[in-house]
Amino acid sequence: MNPPAARIESLTILIAEDNAADRLLLSTIVSRQGHRVLTAGNGLEAVALFETERPQLVLMDVMMPVMDGFEAARRIKQQAGEELVPIIFLTSLSETEALVQSLEAGGDDFLSKPYNRVILEAKINAMGRLHLLQRTVLEQRDLIVRHNEHLLNEQRVAKAVFDKVAHSGCLNASNVRYLQSPLALFNGDLLLAAYKPSGGMHVLLGDFTGHGLPAAIGAMPLAEVFYGMTAKGYPMADILREMNAKLKRILPVGVFCCATLLNLSFQRELVEVWNGGLPDGYLLRAASGERVALVSRHLPLGILEPAAFSDRCETYPLDIEDRIFLFSDGVLEASNKAGEMFGEARLLQLFERNRQPSALFDEIQRSLAQFRGAVQDDVSMLEVRLQPDSGLQCPPLAFSDSGVSSPLDWSVSFEFRAETLKHFNPLPHVLQLLLEVHDLRARGGALYTVL
């Protein structure tokens, strides 16, 4: 013997049938199955009952006065919205066209007259399981939506803190332009820029492996080292070594940061470049239109042990209005709908066709937007232009969270002997101590020069 079918929960079932005898027969069969029964004598009554009682299943006669079953089914489905309310049509019609019309009107099944109790019970059980399944799916969907909203809210709060730490420099300087198009709320691309106490600025474009939050875990410690050591007057080589050592120490295996770091000197009119793993950047000379590739010569940050790390940089002279362009791999790997990558060749064509260097950044951005389809990677691009110191509006630097400190009548002295100076550069430490004094911070460049 076959095992009995699993019982479904009790349903509220609407029976719309104009024949009183058939209506009584159906009501008896359904009620004996343990379900609550509602009855209607025509389609209009059925629609009204559905609106007030919201039954989970409808048995609908096709041919009824006032409003036929087809129209009643359409209205009930419209009222049900996203909720699944199965409709079983009761019909004596046998033509294929009539049965197809029943399904097209919103019916989920049909039962031919005369009624068979066993078949009717089986169909009710099947439709009840469908209703229960759809209700479970909707509940799980709503739970996922609430969970997703909770996660997004947490990420927005974390992103606000992240932005204050990672973007507290001078990316809004008049000689800097950038594009950052993240794949997710958090992203692995990092843009950092900070003024040096000696004048000039440090600029970094970084690209951590992966996307989203896992790729952003190294951004805050990297930004902390970059901004802290730049403000203290450390040279570029020391900053690179400290960033590499910190990332190597804290990041899991397989997570690292491809990066290009620039050290721009506006007074000396030159730039030092360190490129570890990013696509080629380009120095575009305003006078001649010459394009100099800034090629990657090193492994990314966070891979090598400190003893094996190289901080060797390349130095290039600059003229006023010369421009440096840096790109993350998301620019070259941007794909169109056909799966074709933007590629280095298209990028270089834009450089070759350009006749106005000041418009090149916009031309690249516009071409990239027109080319690519769905975003598959974080996309970042940076332009830094050499301009006179007088053209830069350096923002006032923050002294402390409270801002309460002021110089009084005081003096301090240090003595560094020759043996110490062979292995130790005291300048950043002494400068940082002096810059803790409120009114001296604005004179950081002059103090650096004197020291």
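In case you wondered, yes, glycine gets a Cβ from its N, Cα and C as well.
Note: TrEMBL annotation is automatic and uncurated.
Taken from TrEMBL, the feature domain 'Response regulatory' covers 12-128.
Cβ-based neighbour count (10 Å, all protein chains) for ASP61 (4-aspartylphosphate) stands at 26. Under the heading 4-aspartylphosphate, TrEMBL lists ASP61.
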As a quick check of your reading of DSSP, tell me how many residues in the domain 'Response regulatory' (12-128) are helical, how many are strand and how many are coil. 57 helix, 24 strand, 36 coil
Pop the mean pLDDT for the domain 'Response regulatory' (12-128) in here, whole number is fine. 88
